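Some features that TrEMBL has for this protein:
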type	residues	note
DOMAIN	22-286	domain 'NADH:quinone oxidoreductase/Mrp antiporter transmembrane'
TRANSMEM	56-75	transmembrane segment
TRANSMEM	95-114	transmembrane segment
TRANSMEM	151-170	transmembrane segment
TRANSMEM	177-195	transmembrane segment
TRANSMEM	201-218	transmembrane segment
TRANSMEM	239-256	transmembrane segment
TRANSMEM	276-293	transmembrane segment
Amino acid sequence: NPITLSVVLTSLALGTIFTVSSSHWLLAWMGLEINTLAIIPIMTQHKHPRAIEASTKYFLTQAAASALLLFSSLNNAWLTGEWSIMDLTNPLSCATMTIAICMKLGLAPFHFWLPEVLQGISLTTGLILSTWQKLAPMAILYQITPMLNTPLLLTLGLVSTLVGGWGGLNQTQLRKIMAFSSIAHLGWMVSILPFSPQLMILNLTIYLIMTSTMFLTLKTISSTKISSLATSWSKTPTTTALSLLTLLSLGGLPPLSGFVPKWFILQELTNQNTTILATTLALSALLSLFFYLRSTYI
């Protein structure tokens, strides 16, 4: 029904806008809840067992993350008397808030739901899940950056980049490859967040553009497996070439645009005397680049 669809899409937009523009924890939590509840009907519009399973997994994970976020903000308000997002001073609240947002984003080791959910839904819904649904949690992370535990963030970022690289190696489904790509890119963003939030915004912007391009291209050529990319070359050579360039850009291959944020992040991490972290991130990017190149080669 067009009216139902318009209500759901409006709620999806409003939920994110609420969270991004709020300075009170309850309003931010409410925006995240509206966001979660609005995308469930979009995920279940195709009456298929895989879609129902994916939406159930998504709902349970997001509900657990929202409960943890509410517990964190309540605990902080109980101890400090402040509900402002910028006054997250209690160490326990900081740690639980970080875990809650990482669950919402799908960062490792809380990533298990993301590949399964993305595989069970359509490419259009996958586009929304991989791009728009990341904005609200990233906005909260950006606001509370000065109060967060830096070693915890760096550990989560490092584990995410490694999991994103290793996980995508043996995949043949393009949606699962995009899911592990998302985990790896979020790991890069979280790793640089304590040192340079502006670089995180740059990385997020390029990631959103590249991922949107990739999903829209796959939707145009109706391709969900690596093997179907090989047959699409004879039908739509220009679109297939665009998808291959986008994949290489996501992998961070110079001189494509995806290389720029990775270069800046490695430079900043080296300047902050975290050379081992920068080296490990660069090596994990090679893992991701391997399965991007494999898709391109086919």
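The backbone N, Cα and C atoms fix where each Cβ goes, glycine too.
Taking every recorded stretch in 95-114, 177-195, 201-218, 239-256, 276-293 and counting its Cβ pairs under 8 Å to the transmembrane segment (151-170), the highest total belongs to 177-195. Long-range contacts of the transmembrane segment (201-218) within the same chain, counting only residues at least 6 positions beyond its ends with a Cβ under 8 Å from a Cβ of the stretch, are 123-124, 126-127, 130-131, 134, 138, 142, 174, 178, 181-182, 185, 188-189, 192, 224, 239, 242-243, 246-247, 249-250, 257-258, 260-262, 264-265. Below 8 angstroms of C-beta separation, residues 32, 57-58, 61-62, 64-66, 68-69, 71-73, 75, 88, 134, 137-138, 140-141, 144, 148-149, 152-153, 156-157, 159-160, 162-164, 179, 182-183, 186-187, 190 of the same chain, each at least six residues beyond the ends of the transmembrane segment (95-114), sit close to that stretch. Beyond the ends of the transmembrane segment (177-195), by six or more residues, the same chain brings 102, 105-108, 111, 114-115, 118-119, 126, 130, 134, 138, 141-142, 145, 148, 150, 153-154, 156-165, 167-168, 171, 203-204, 207, 211, 214-215, 226, 250, 261-262, 265, 268-269, 272, 277, 281, 284-285, 288, 291-292, 295 to within a C-beta distance below 8 angstroms of the stretch.
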